[in-house]
């Protein structure tokens with residue numbers, strides 16, 4: 001009870017206590033500030049690159065850029081195999097019409113290059129390809145995420161949910177003609193469908209290095225031709241179907257109707273467009289009268305839609321690019337023409353498509 005507190009000692013003790021509290025409290029604030037900064041990265045930081053779509057979304061402009069690159073890279077393999085004459089062609093089965101379907105090294109190598117380039121750039125997107133992808137033969141193909149200036153100038157960024165996107169690859173269209181060295185018909189193609197509707201189409205001709213691309217409600221590097229004659233149209237068809245179409249077409253449009261037999265769905269769509277190619281024929285209507293796979297026609301359908309054209313079944317139904325990989329109803333394609341009137345003029349062809 002006789003203890004007396006020194007005023008000076010009390011003052012020192014309080015100052016020391018305040019110092020300890022200040023040190024602890026300031027450290028806590030600094031820690032919380034650092035945690036906040038790490039948890040909320042600034043826009044443009046490494047976890048959210050400027051210009052990239054958020055997780056679960058796909059930028060269609062970027063997908064167009066890599067689709068063009070994939071078609072070109074696949075075309076390089078197609079050209080290399082053909083010029084080296086190392087096709088290693090073999091039959092992979094028969095079509096519904098009984099014709100042998102050919103498979104070559106060009107198909108397989110192009111498919112591998114195109115598939116893994118697209119899959120590496122957009123792993124969350126579903127990719128459907130004509131050829132089977134062998135996981136044991138996986139290839140690392142990277143994309144530097146650069147977008148060509150032409151695409152930047154014409155196409156604005158547009159994000160869509162990744163789960164709504166399906167990519168269709170045709171690594172070598174017109175394989176039969178490829179084995180016969182009819183190079184002008186050969187194309188590589190990529191199509192992007194959103195909710196089943198084709199919105200991006202790329203058609204590349206490996207042996208002339210010509211590439212046509214278009215995006216619905218975006219832009220394109222190709223135009224439709226402006227001169228057509230609906231009374232005596234030039235109709236382009238598969239080489240094996242010319243006889244089936246010719247009789248009906250001449251009865252409908254007259255004896256002056258021109259039937260153009262050709263190979264490859266990509267080549268036939270390009271025939272409807274303004275293409276500066278010396279080996280590219282010109283046509284007004286493209287008709288296919290039998291079952292056809294969707295990777296053969298999706299890219300052309302997208303290009304035509306982007307330019308105001310049409311590709312439907314022979315009865316005028318829109319073709320959905322989801323579900324099965326085949327289209328049962330044949331097709332008729334046109335641009336800058338009365339598409340509905342064309343369908344009404346060719347009623348008998350729909351029956352032929354199911355044979």
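Heads up, the Cβ atoms here are built off N, Cα and C, so glycines get one too.
It is 7-25, from the ranges 7-25, 26-44, that TrEMBL records as transmembrane segment. Counting Cβ atoms from all protein chains shown, residue 130 (Mg(2+) binding site) has 21 others lying within 10 Å of its own Cβ. Between the listed binding-site residues, namely 170, 173, 296, the fewest other CB atoms within 10 angstroms of a CB are found at 296.
Sequence-ordered, the extra residues of this chain that approach the Mg(2+) site, with Cβ no more than 8 Å from the Cβ center of 130, 170, 172, 173, 296, are 169, 171, 174, 175, 187, 188, 189, 264, 265, 266, 293, 295.
The Cβ of residue 172 (Mg(2+) binding site) lies under 8 Å from the Cβ of 74, 78, 104, 106, 107, 110, 111, 130, 178, 186, 188, each of which sits 6+ residues away along the same chain.
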